[in-house]
4 protein chains.
Amino acid sequence: MDETPFDDDTLHEECGVFGIFNRQDAAALVTLGLHSLQHRGQEAAGIVSYDGRQFHVERHSGLIGDTFTKQSVLERLPGGCAIGHTRYATTGGGGLRNVQPFFAELSAGGFAVAHNGNITNALTVQRELQRRGSIFSSTSDTETILHLVATSAARHFNDKLIDALSRLEGAYSLVGMTPDRMIGVRDPLGIRPLVLGRLDDAFVLASETCALDIIGADFIRDIKPGEMVTITEDGIASDFPFQKRRSRFCIFEYVYFARPDSNVEGRNVYEIRKRIGSELARESHAEADIVVPVPDSGVPAAIGYAQEAGLPFELGIIRNHYVGRTFIQPTDSIRHMGVKLKHNPNRRIIEGKRVILVDDSIVRGTTSQKIVQLVRDAGATEVHMRIASPPTSASCFYGVDTPEKSKLLASRMSIEEMADYIKVDSLAFLSIDGLYRATAEPERNRQAPQFCDACFTGDYPTALTDFDSAEETRPLSLLATNG
Amino acid sequence: MDETPFDDDTLHEECGVFGIFNRQDAAALVTLGLHSLQHRGQEAAGIVSYDGRQFHVERHSGLIGDTFTKQSVLERLPGGCAIGHTRYATTGGGGLRNVQPFFAELSAGGFAVAHNGNITNALTVQRELQRRGSIFSSTSDTETILHLVATSAARHFNDKLIDALSRLEGAYSLVGMTPDRMIGVRDPLGIRPLVLGRLDDAFVLASETCALDIIGADFIRDIKPGEMVTITEDGIASDFPFQKRRSRFCIFEYVYFARPDSNVEGRNVYEIRKRIGSELARESHAEADIVVPVPDSGVPAAIGYAQEAGLPFELGIIRNHYVGRTFIQPTDSIRHMGVKLKHNPNRRIIEGKRVILVDDSIVRGTTSQKIVQLVRDAGATEVHMRIASPPTSASCFYGVDTPEKSKLLASRMSIEEMADYIKVDSLAFLSIDGLYRATAEPERNRQAPQFCDACFTGDYPTALTDFDSAEETRPLSLLATNG
Amino acid sequence: MDETPFDDDTLHEECGVFGIFNRQDAAALVTLGLHSLQHRGQEAAGIVSYDGRQFHVERHSGLIGDTFTKQSVLERLPGGCAIGHTRYATTGGGGLRNVQPFFAELSAGGFAVAHNGNITNALTVQRELQRRGSIFSSTSDTETILHLVATSAARHFNDKLIDALSRLEGAYSLVGMTPDRMIGVRDPLGIRPLVLGRLDDAFVLASETCALDIIGADFIRDIKPGEMVTITEDGIASDFPFQKRRSRFCIFEYVYFARPDSNVEGRNVYEIRKRIGSELARESHAEADIVVPVPDSGVPAAIGYAQEAGLPFELGIIRNHYVGRTFIQPTDSIRHMGVKLKHNPNRRIIEGKRVILVDDSIVRGTTSQKIVQLVRDAGATEVHMRIASPPTSASCFYGVDTPEKSKLLASRMSIEEMADYIKVDSLAFLSIDGLYRATAEPERNRQAPQFCDACFTGDYPTALTDFDSAEETRPLSLLATNG
Amino acid sequence: MDETPFDDDTLHEECGVFGIFNRQDAAALVTLGLHSLQHRGQEAAGIVSYDGRQFHVERHSGLIGDTFTKQSVLERLPGGCAIGHTRYATTGGGGLRNVQPFFAELSAGGFAVAHNGNITNALTVQRELQRRGSIFSSTSDTETILHLVATSAARHFNDKLIDALSRLEGAYSLVGMTPDRMIGVRDPLGIRPLVLGRLDDAFVLASETCALDIIGADFIRDIKPGEMVTITEDGIASDFPFQKRRSRFCIFEYVYFARPDSNVEGRNVYEIRKRIGSELARESHAEADIVVPVPDSGVPAAIGYAQEAGLPFELGIIRNHYVGRTFIQPTDSIRHMGVKLKHNPNRRIIEGKRVILVDDSIVRGTTSQKIVQLVRDAGATEVHMRIASPPTSASCFYGVDTPEKSKLLASRMSIEEMADYIKVDSLAFLSIDGLYRATAEPERNRQAPQFCDACFTGDYPTALTDFDSAEETRPLSLLATNG
C-alpha cells in the first residue's frame, strides 16, 4: 500500500456520514453530500440505496469525485433512499470489506448502517457474539452493531437497535436505513456531530451543515446527544432511549476537523477559529512583523491573530493542492524534501522578517520541524510558533486516528523542549481555558467539562474496555485480505 | 456484465477445488492445481493460505493464469497450507463476495472452506439461521456451511462440521482448512469427485487427478462417498460419519466435465469417451465418408466412433482458441456469425462428403443448429449428427449451470423434431444403457442406478427442498452489490 | 473524455517545462519540478531522460503525483539528464501522442524538446514540411520544431536549432536535450517565462522559480528574451541569435498563471497581486463591510484590497480542494449546482453584510454569475465585484487556452451590461494602467507596451499567420487517435 | 514485460493483415478478420478506419477478443473502409508506438499501411532518410515505407508507393489505405501470403482465407507475387510494377504458421499437414503401438502418419488452453514444471506403449526434451520422435521471430546428437524433398527452389543488407519508450 509519509503527522477524522430519505436520485445527492464531507475521510467511500424493492451497494477506494460521479456507478444505485459514508483508512486496512455502509439481510429485512465515531468495547462484544456463532466479515467495530441488532430478542426494529446500542461504549453518530425508515442516532455524550436538514419533502442527515449546503437543503437542527430520530413516510419522530448524560462534544472538531463553513452545535467553525486566533494573540503575543499561517488549516486562526495583534496577515507559505494520494518520495537521496511537496515559503515575503507562524496543532512534531526550517531557510530572522490548541498529549479513542501516546510530542516534552526540538524562537499553545473561551464558554468546567477534550487533558468521558485490557487490543480477525 | 452469447449453449461445471497441507509455497502449488482445474470454472478464483499464525486470502476475477500467477499475489499468500477454488459465475453474479474459499473467524479459530457441488436446502437452512441472528455476507450456498459450523453446539471442530453437513441435502465435495488441519469430505452419494494425492510429505486434495499431475503428486485414491478425511501433522485419518448410501457419481463428468486425462472413480475419462464413441457407432451408425468432431469436446468420442466404424477421422471443423472472455458481437448486422468466432469448417475436407458430426450433448440446440449450417455451407452432402450422451431433458441441481428445463431442447421435442430443428439428415443420441456400458457397467440398474443421471432421466437422488417450494427459489439476499 | 463543466470558465496555461543537467536521479528531480509546476497544466505530463547511452521516455495522463511518483516509472527513466513537461490538454486531445517532451532520432543523434507557448505559424510551416516529405506524428505545434531541426542544412546542432526557431512566429520558452547538452531558449519577445537555477554542480531550467525551490536549487537569473543558453559538461554558454526586440512578457502570468511564490522577471507574483488589490481599492472602492476573495486565485488581491481599504479580509467562501478531475454532474436535475462542488459560502460571515467580492478575471461570466448568486443566497445585502485585471476581451494565441473571442463576456458587453448579467450591485475592473502600476511600471507605454497584454487590448506582438487565414485553422491532422 | 518462458521455444509469425473497402461497419469486420488471424500475432493489434472525412485509429495490447470487441472501441472506428493488423511483439517491444497499422498525413492526404513480412534493408534506408531530415516515430521497418512514400517525387499515389517499394528488399504482403483506395501488394517473391475476397459489394484483403470465412466473404484468388491491386469505388485494378521473379512462397506457412482450415497458394493447409504425416511415415517409420501428437500443431501430421502407418491415433497428451499470456512461473522451486502448464500426458493411454510422438519442428529443443520426459514418466516404453519438417538450422529474416542461428538445436547438432539430447529412442525429420512432395511438388528444384525454405537450407532468396554488416544490426532508435 502506498504511503504518504509527509501526511502521517496530522490527525485524521475517520468518517463522515450522509443520508437522504424520500428523494429521487437519492444516491446522486448522497454523492454530493459525501463530496462535501471528503475532509472527514479520503481513502474510500460507500453508498447503499434502496429502490423500494432491493438494496444496492457500491464501495470504492479513492475520492468521491473520482469514483462515485461516474454515470455507470450512479445507475447501479437506484432508489429514493440512500445513505453513504466516507472513510479514512486506518492501519491494517482490510480493503473494501471494511468500507461502510455495512449491510445485513436480517430475518425482518435488510438493514444498512454508516457510522462516525468509534466503539470502545467492540472487540469485547464481538468475542461474545462469536461464541454464540456470529460470523464477522470485517474488522470494523461498526459490524458489531449489525450483529447486535440481528441477535436482539426485541420485536420491533427500533427496539432492536436501541437494544444493540445500549450494549456499546464510545462514540457513535450513525445513520441507518431499512426498507421503511431512515434512522439517525448520536451516542449519549454526542461526541461526534450529526445534523438534520430538509430538501423540499425529503429529510437529510449529515455529519456537518456544509453537506446540507451543497445540495441546497435547509438546516433544521443538530441531532441531540442521546437522540434517535426515525424518518418514515409519515414524517419524523424523536426519542431519547438512553440514560441521560451531559453532552461532551469533541472540541477538536472546532480546532481542526470540521469544515470552516460548517456550523456545529450552534457555532460557526470559521468564527471559532478566528476567535481562537484572537485568544492566542491575547495570551501569548510575540513582537513580530507578519503573521503567516501554515496553510490551509492555520489560516482562520492566523487571520484572527493578525486582526487582534494588528499585524499584517501574509500568505508566506504557499500550499500545493495537487499532491496525489500516492506521492511516493522517489529516492532516498531526496526523501527529506517531503514537506516541500505540499508547502513552499515565499522568500520575498519572509526574508528579513520576524514571523508569527500559526498552526492548528502539533502531533509528532516532525512536520513543524520541517516547516520551521523552510521558513528559516527563506530568511526569517525570528520564528514564533503559535498553536491554535493546547498541547495534544493523549490519544483519541473516539474515531480519530492518533498516533499512540508515546509518539505525541507533547506527551514526552515540555513546551520549552518542544520549542527547542522544532527550533523556534518561541512556542506557545492556546490554553485549555482560552480554547473554551473561543467557543464562548467562560472557561473549562473542571467538574463537568462542557466538551470532550481528552486529547488535551486525558480525561476520557467513557469507559475504554477494549483498550484497558492489553491482550484484547489485537485486531479481531486473523484474516489478512485483499479481495 | 459482458456476455458471451455463443457460450450459453453448453453446460458449465461450477467449481473445482484444491488443497495442499504441509508444503512450502503451498499457494503456488494451489495456483498450479487450480490452473489444471480451470475447465471446471473460468470466471473467478480464490486461494486462502495459512502461515502458522494468520490466514491470508486473495480473490480475483478471470483466469488463474492471468491473476494468481503474479509474484505480488503469491507473496500475499504465504504459508505451508492452502486451499483454492475456481468458479463459474452463475447469473446474478454478486461480484467477488461470492468467490470461494469462504473464511470465518470462529470463536475456536479460523476456518476456510471451498466447495464443489450445490446444497439443495441451503435457502431453507439460511432462513432458519437468520431467524436466530446469523448474518450472511454472500448469496452462496457454501456460506451456510460456515454458519452451521459456527453455531454448532458440538465441542470439537470435526464434530461441528459433521453436525453442519448432516443438516444439508445435495452435492458437496469440499476442502476445509483450520489452523491445524485440512479436511476433505464428499457427500454420502459422492456426486462430485474428490481425489487424494501425495507430494513427498504433503497431502493433496483435488477435484481431479489432472491437478495432481501438474504438481507431480502421486494419486493415492478417490475420497469415498460419505467419507471425511482429516489431514494433520500426524498424518491422515478417515471417517464415515454419515448414514451409508449407495454411491451416485455424476455420469456427466465422464461425458463432458472432467478433463480427458483425469481418472475419476477409477476410470480414465478419455477412454470412456472413446468407448462412448464406439457404443454410439454400434448403436446408430449411418453411411458416411468421414467422422468430424465438434471440437474440442467431441474429439475423443469421434476418434472412438471412427475407429469402430472404420471411417476416417478428420478435423473438419477448426476451433479458434483465442476467443476472449468478453467477446461482444460488435453490431446487430453481424450478430448471427457468433459461432464462427469459435468454429470454422474446413471446406476442402467437407465439400462433397457425407459427414458424421460428433458432439457431446445438445442443450438448447442453437449451437448445433449453427454448426450444422456451417458444415452444410461448406459443402457437406449429408450431415448425420451423433450425440455422445442421451438427450439432456432435466436440469441439474448439483452444481452444474443448466438452463431451466423448458429451455432444454430435449424436454420439448422428440428426437425427430430435434433432427428437424437442427436440420440434419439423421440424429441419434447414445442410449442410457449405452452410456452405462461405456463406463463398463453392464447396463443401468433401474432400481438402484449406479450413477446420478438426473439430467437424462429426471431421477434425482436427493430431496430438492429449496426448489420444491416455488416461493423459496428467489435468491436469498435482497442486496445487489458491486463491491 | 470526461469534462468538468464548472471549470471551463477559467483560462488555462498550457504548459510548464523543467530540465536538469548532470545530476544523479535527474528524472526524480524533474518529477518534483513538474509537481510544483502542476498549476501550469494538469492533464498529462512527460519526462525524457538520457543515461549517457540511450534516451528514455514516459508519458502519462493525470497528475504528476499520481503517475510519475511510482518507483517503477522512475526506474524506467535512468540517467543524469532529463527534461519534462506538464500539459493542459486543449480540445481534441489527441491522447498521449501529443504529450511532450517530443523526441526525434536525428541523423546526428537524439533530440528531445519541451515547449511552453504557442507557435502562431506552425500549421503553415507544417504544410511546407509535409510537401517535402516530413511525416508528423502529432497535432502539436511543437513537433514542427523537431522537423525544422531535422531538415536544417546547418552543420552544428545549435545552428540547426537557431535555423529552425528563426522560421517560427509566436511564443516559445523551450528546453531541449541532446546526448551532450541541454538548451534553454526564449522567443525574442520573452512572452513565456523561463528561469535558470543551480543545484550544486547541476544546472536547472524551469518555467518558474517555485520549481527551483522544491528541489532546493538556487535561482541564478531569468533566461532573457531571445536568449539561448547551452549547458554542457563544460558549463554554460549564452547566445542571442535572433534579431533583437523589446521584451513583451505576458502580464497575465502576474494576474493569474504563475504561482504566487514564484518570482518572474524579477518580480514576486504574490506581491504584485497584493498591489493589484491595492490599486483596485484605490481606483474603485465601494462602501462595504467585508472583503471576500473568490478562492484560491482571488486571495492575494483581496488581502491587498482589504489592507488598502481598511476593511476586514474574510474567507467568506470556502473552496473544496477534493474536486476530482472527472467530476461529472450526476443528473440533469442537479446539474445547476456545479459551482457548489468547489465553492461554498459561509453564511455566518456573509449574512447581512455588504460584500466586496474579489476575483482575478471574468472569462465567460457563467461562474461569476453563480458565485454571486451563492453569496446573495447566503444573505449578503450588497455584492460589489472587483476584478483584479482589465476586461478580458481578446483571445490569447501564445499558449493559453481561451474561448474564442465571441464567448468572452467582455467582448460583447459593456461593464454595465456585465454588472447586470452577473447581477452585482457594482462591478469594476482594474484599469490597464493600474495593472501596469502594480508591476511597478508608471503606466502602459502605448507606443511600446512593456508587456504582452493582448488579451486585454487585442494588441498582438507577433504575426498570427495561421489564424489570419481562416481556412488554415482546422487542425493539421485528419487522424483521430486513441492509442 | 512478462515472459512466458515455456513459449520461447516455438517460432512465431509476426503479423496478420486484413482490410475491407466499402462496407458498413468496416471496423467490426476487420475485428472479426483479425480474430481469425490471431494465430499470426497475439501481442497487440491495431485498426485504422476512414469515414469519408477523417481517419481513426485504435491500438491495443492483448487479444482482439479482449480489446477490439468492446462497443466503445468500435464506436471510435466509424467508416466504410478499414484495415487492421495483428502483431507478435518481438524483443525490445517498444510499446504501442510499434503497433500497426501506421498512419501518415502526407501532403496529398492520409495514408495508412499494415505489413506482414520483414524488410531486410530497412535500417540502411532509414539512415538515408534520416540524413535528409525524416523523423521516425517507431522502430518498425514498416515506417520506412511511409517515409519513402512521403518523400517520393512521383506524382500519383500508386507511383509513390511503387517508387517506395522498389527501394526495399525482403518480404512484404501489405494492405494500404488512402481516402479513395485500398491497395494490396505482395513482394516480387510472394514470400508471405495475401488473398483477395469479396463480401457482396465490398472487397476484402487478408493474410489467409480463414479470415474470409469468418465474415462470410467469398475467396476470389491469391494476390500474386509482385502484384499490386488497387481497389476503388470503380472496382479493382491489378498491376505488376516490379521486375518479374520466380515465386518463393514460405514453405513454413504450410508446416506451422497458417491455420489448418486456410487455403494458401491454392493448397489446403490441413491436407498438406496430413500428407506431411504420410510422407514422414513412409520415410522413417518405427515399430510402435500408438501415434501421439504434440498438440495442437502436431495433430494433422499425426493423423496422416497414423493413417499411413495403420496405427491408432491417440490424444496421449492433453493441452490446457487456459494458459494466460502472462503465466509467470511462481517460484524457483517449481520453475521446472513449466511445460506442464500447457501439456499433460494421459498415463492410461501411454503406459506400457511404444509411442510415435509427432511434432511440427524442433527449435531450441528444450520443449521437446521436457515433453519426451513427460511421456517417459507416463510409462512409455519407447519414444520415437517424428518431426513434420526438416531440421530448422537457419534464422528467418522475413517476418518470423527465430532465435539466432546458434540457438537452433539443428545448427549445432547432428540428428543423432539431437536424439541423444532430447532422449528419444529414435528421431527423424522429414526430408526436404519429402516436404516438397507433401506440397505436391515432385521434389525441391535445387537450381530454382519453388519455395523459400531458408530456415531449413540457409538459401535466402533476397539480399540481407542490414544483417550482412554487423554494425548495422543494432535497433535504429536509441529511444526506449513506454508511452
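Here the Cβ of each residue, glycine as well, is placed from N, Cα and C on the backbone.
The C-beta environment of C:Cys15 (active site, nucleophile), restricted to residues of the same chain at least 6 apart in sequence and closer than 8 Å, consists of C:Arg40, C:Gly41, C:His85, C:Thr86, C:Arg87, C:Tyr88, C:Gln100, C:Ala114, C:His115, C:Asn116, C:Gly117, C:Ser207, C:Gly399. Summarising the annotation, TrEMBL assigns active site, nucleophile to C:Cys15.
C:Cys250 ([4Fe-4S] cluster binding site) falls within a strand segment according to DSSP. For C:Cys250 ([4Fe-4S] cluster binding site), applying a Cβ distance below 8 Å and a minimum sequence separation of six or more within one chain yields C:Ala171, C:Ile191, C:Arg192, C:Pro193, C:Phe257, C:Tyr398, C:Val400, C:Phe451, C:Cys452. As annotated by TrEMBL, [4Fe-4S] cluster binding site applies to C:Cys250, C:Cys396, C:Cys452, C:Cys455.
Feature annotation from TrEMBL assigns Mg(2+) binding site to C:Ser297, C:Asp359, C:Asp360. Here C:Ser297 (Mg(2+) binding site) comes close to C:Tyr256, C:Asp359, C:Asp360: these same-chain residues lie at least six apart in sequence, with C-beta atoms under 8 angstroms from its C-beta. According to DSSP, C:Ser297 (Mg(2+) binding site) sits in a coil region rather than a helix or strand.
Taken from TrEMBL, the feature domain 'Glutamine amidotransferase type-2' applies to C:15-234. Regional average pLDDT for the domain 'Glutamine amidotransferase type-2' (C:15-234) in the model is 93.
Ranked by how many other Cβ atoms sit within 10 Å of their Cβ, the binding-site residues C:Asp359, C:Asp360 place C:Asp359 at the bottom. Ranking the binding-site residues C:Cys452, C:Cys455 by how many Cβ atoms sit within 10 Å of each one's Cβ puts C:Cys455 at the top. Counting only same-chain residues at least 6 apart in sequence, those with a Cβ under 8 Å from the Cβ of C:Cys396 ([4Fe-4S] cluster binding site) are C:Leu11, C:Phe252, C:Thr402, C:Ala454, C:Cys455.
In three-state terms derived from DSSP, C:Cys455 ([4Fe-4S] cluster binding site) belongs to a helical segment. Same-chain residues that are not part of C:Cys250, C:Cys396, C:Cys452, C:Cys455 yet have a Cβ within 8 Å of the Cβ center of the [4Fe-4S] cluster site turn out to be C:Ile191, C:Ile251, C:Phe252, C:Tyr398, C:Val400, C:Asp453, C:Ala454. When secondary structure is read from DSSP and collapsed to three states, C:Asp360 (Mg(2+) binding site) falls in the coil class. Look at C:Cys396 ([4Fe-4S] cluster binding site): DSSP puts it in coil. Taking the mean position of the Cβ atoms of C:Ser297, C:Asp359, C:Asp360 as the Mg(2+) site, the remaining same-chain residues with a Cβ inside 8 Å of that point are C:Tyr256, C:Pro293, C:Val294, C:Gly298, C:Ala301, C:Val358, C:Ser361, C:Ile387, C:Ala388.
Those binding-site residues from the list C:Ser297, C:Asp359, C:Cys452 that have a Cβ under 8 Å from chain B Cβ atoms: none.
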